[in-house]
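Colleague: Sharing the features that TrEMBL gives for it:
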- CYS193: active site (ACT_SITE)
- HIS250: active site (ACT_SITE)
- ASP273: active site (ACT_SITE)
- 185-276: domain 'Transglutaminase-like' (DOMAIN)
Amino acid sequence: MSLLSCGYTLASGWEKLVFPKYQPCIQLSANIVRKVALQIIRRGQAFSFYARFQNREWDDSVDQAIFTVETDDPVYMDNQAHREEYVLNEHGILYEGVHKHITSRPWHFGQFEDGILDICLKILDMGASYHHGSDRDHCWRNDPVHVSMVVNHMIPENNDYLKGTKPFSWNGSVPILQQWYNGRCRPVRYGYCGSLASVMCTVMRCLGIPSRVVTNFCFPCSVENPLGINEIFDCTGKNLCGKDKLWRYHCWNESWMARRDLNQCCGDWQCLDPTPLETGRGSTCSGPTWVRSIREGELDLDYDGHHMFSRVNSNYVGWLSQNNAKKIKFFCDAWPCGQHLITKSVGSEQFEDITGAYKYELGSVKNKEAYYRAYRRIHPGYCNASNCHIERELSSLKNPFLSDSGINMRLKMANCPMYGEDVQLHWLLENLRSENKNLKFNLCAQIITYSGCPMDQFWKDSVNVTLGPREGKKVNLSNTLLSTVLFRRLGFFRISGDFLIVVGSEINTMLNLLSQPRLKVPCTAEISFCNPLQEDMKNCVMTLEGCGLFKEPMTIE
């Protein structure tokens, strides 16, 4: 599908009438007239027009009309299954959680719902000011790059974190877009990265641009150093809130188009992030950025290339704050970010791992070459530096492994706890030396939001452990408080630097139809469910939504 402002189609070109030059003294003109003005013509859809001539009648013996259509469609996908998934499919899946435990929930894009096209056109009208206030002839609408930039900068206007609907209660784009449109284009309160990316996906698919939502696990949000995240801890292990954040996950949008500004002859995925993120130059959205340029480290090739590259290639440094206001580095992970990027598979409810589209295999020659190339562009002082020079700089950030001190340890979750269940953790310790080890450990657990903001430290302990030569020991860590009281708030917690997640138990619901369903006839249904927790549930709210079943979501307290 292509968006029309006037003429035939912005994605496929204009119709032309060609006349032989056998009578140079006679001037002919033809006006192409539509039965329906400014209509949308979808690929494969029949349409009619007629031509009105001046000066004389049409002469079949000498006149000839040739109808031509350009097929150079910048958003065309030649795979039918991909077109059905990325343009026509109204149902999607958002992936959340952590990379070791991925959760999912459905999302209704609803790009073909009544009124959505008008809303999307209104977004383009409102975004005309993005082009310096000039919307003359809507000429920029024939370029998917500029359309995507307008949509990308308009979607965040629907985001306000002061008050309103809880961000994780949205299940589809249609109520958000309708509320924005019916509320005279006032911000909808409020959303998060998943809802922003999904609403943008709806708008882009409605305009005929193939799009999908991507989730990146372990996402850096750095204010100062583009390629580094710094977190500060006290002696108990508590995360002290700083400027940098390490998000558990982050969602953005990918759209398929051929970039004329990059001389691309065929379409490819372009990255667009409608979530405003803080940078050294303020809050900004990103894109469109060619995904392949991110993998190759060609950051000067595209819009916001350095931002997108750092989001999948940043290193992580942990600092220990001391009483004298100084801090010492105690941990560094050179490659923690962007190790798992996924999206919904074509024609399937499973996810597809697309990490390889954003970065080469970790530690490979191509991976290092791309990083060196990007490093020179992000840090101007290294623009002429050799690879060895950059590698030495990176090596200086690394810390000795724990095994170098003769100790190996790790945390292992013994069960996958549901809400209301105890958390069973195994703390595995091993002495790698042929001598006794008397050790003291400070342990703590702290709530971390999905966007990396540290909250309450609700458990801490100091443990003395003695390990004999080459001895291994398993210590059971269990704390009912973790799951029964606090995990229902956010679901993430942190122990000894590891991030874990508690799974929300699904409430089993049963739907019983009390009458025979018939098309366009109201039907009554009974919904029953059971409390899965070992405690009373109070102040519960149930929201009912259904594509084609409800005009708007129903909320029952």
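Any Cβ shown, glycine's included, is placed from N, Cα and C.
Curation plays no part in TrEMBL annotations; they are all automatic predictions.
I'm curious about the neighbourhood of these features; can you describe it?
Modeller: Counting only same-chain residues at least 6 apart in sequence, those with a Cβ under 8 Å from the Cβ of CYS193 (active site) are HIS250, CYS251, TRP252, THR275.
Summarising the environment of ASP273 (active site), the number of other Cβ atoms within 10 Å of its Cβ, over all protein chains shown, is 29.
Averaged over the domain 'Transglutaminase-like' (185-276), the predicted model has a pLDDT of 87.
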Colleague: What is the number of residues in the domain 'Transglutaminase-like' (185-276) that are helix, strand and coil, as DSSP sees it?
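Modeller: Summed by class, the stretch gives 17 helix, 41 strand, 34 coil.
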Colleague: Tell me the Cβ neighbour count for HIS250 (active site), meaning other Cβ atoms within 10 Å of its Cβ, over all protein chains shown.
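Modeller: Within a 10 Å radius of the Cβ of HIS250 (active site) lie 26 other Cβ atoms.
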